[in-house]
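J.: Sharing a structure below in structure tokens format, with a few things to ask.
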Amino acid sequence: MCRNNNNKLNLRDLNQSEIQHFIKDLGEKPFRADQICRWVFAQGVSSFDEMTNLSKGLRAKLNELTTLSQATILTSQVSAKGDTIKFLFGLPDGHAVESVLMKHTYGNSVCVSTQVGCRMGCLFCASTINGLVRNLSPGEIYDQVLGIQRETGERVSHIVIMGAGEPLDNFDNVLKFLENIHAEYGLNIGYRHITLSTCGLVPRMQELALRKLPITLAVSLHAPNDDLRDKLVPINRRYKIHQLIEACSNYIEITGRRITFEYALLSGINDSDEHVRQLAALLKNLLCHINLIPVNPVEEKEFIRTPPEKVERFRQYLEKVGLNVTVRRELGGDIDAACGQLRRRYESKN
């Protein structure tokens with residue numbers, strides 16, 4: 001179990017089973033664990049005094065041995081249309097991570113970060129510029145959703161795990177977060193309302209498939225051949241495209257779930273007629289959806305987004321050969337909602 005610098009357990013880093021064992025060791029009755037889980041994960045309390053159906057004695061024990069340490073909102077940015085709010089959360093150790101609230105007609109979606117920084121090195125991503133600092137704990141990921149609900153007063157209905165970090169590089173903590181956010185004692189968000197994005201850690205994709213969670217897996221592809229993907233997405237040097245596609249095929253077979261392939265369009269780099277033909281040939285036999293993404297500009301990078309008319313031609317070709325494809329609706333472009341940008345600007349000023 002995870003402990004902080006004061007050797008206290010952070011209850012939001014535990015799951016129900018671990019809290020049950022902890023409460024049993026305290027000599028308390030089993031139903032107390034269920035009560036505590038609801039306070040911690042559904043109500044999102046920040047103080048043990050708020051757990052009003054627990055005895056004062058038990059609250060005192062919890063205060064002595066555990067913590068409800070939370071990520072706190074440092075700053076936020078609201079898009080001109082008001083449909084996107086970007087939050088910067090401060091962590092207890094002084095680091096910061098970003099989350100984004102996106103308001104859709106079907107509900108509110110929160111994009112969470114899973115690491116401080118990232119070591120994947122994707123060439124057009126701001127999150128990876130200074131490398132990986134550390135993994136987030138399950139509670140630190142969960143706090144992003146709780147904090148946004150608390151700040152806005154609006155229920156979160158969908159989770160997108162595509163903020164800073166590679167989720168499958170923080171596998172166990174992300175799975176525990178998923179368990180808690182989905183649970184009845186938590187926010188009870190359906191697995192089919194959760195999307196997890198990976199740049200292609202093939203062994204972890206295989207492990208995830210065996211869990212048979214009905215989440216949506218999104219694969220950051222961004223290139224249709226190894227030569228180009230080696231440059232844009234360096235993990236491809238370890239797991240080549242044929243290995244990635246095989247892992248995707250196995251994932252579909254085991255889970256029965258359609259995979260989303262993300263393809264960030266970079267002008268003059270991966271958006272030619274030959275690239276779209278290669279992409280179509282690569283994905284034509286898979287149960288999949290292709291999400292074309294006009295890339296967000298990053299100050300330290302020189303990439304330019306593909307012009308709209310070329311994006312449309314790219315989309316039309318894929319559709320013509322029978323593939324399911326959409327162009328991602330742009331939210332929050334005016335507030336630099338691309339991963340990592342708000343954090344880096346904040347840290348440069350502080």
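Heads up, residue numbers simply count up from 1 along the chain you see.
The backbone N, Cα and C atoms fix where each Cβ goes, and this holds for glycine too.
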J.: Per Swiss-Prot, which one of S157, S197 shares the S-adenosyl-L-methionine site with G165, E166, S220, L221, H222, N296?
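T.: Answer, per Swiss-Prot (S-adenosyl-L-methionine site with G165, E166, S220, L221, H222, N296), from S157, S197: S197.
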J.: Which whole-number value in Å describes the distance between the Cα atoms of C125 ([4Fe-4S] cluster binding site) and G165 (S-adenosyl-L-methionine binding site)?
T.: 10
J.: Sorted by position, what residues of the same chain at least six away from S197 (S-adenosyl-L-methionine binding site) have a C-beta under 8 A from it?
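T.: When sequence neighbours closer than 6 are ignored, S197 (S-adenosyl-L-methionine binding site) has V160, I161, M162, P167, A218, V219, S220, E262 within Cβ distance under 8 Å.
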J.: Counting only residues 6+ apart in the same chain, whose Cβ is under 8 Å from the Cβ of C122 ([4Fe-4S] cluster binding site)?
T.: T128, C199, S220, H222, L232, V233, P234
J.: Report, in whole Å, the straight Cα-to-Cα distance of C111 (disulfide bond) from E98 (active site, proton acceptor).
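T.: Cα-Cα, rounded: 9 Å.
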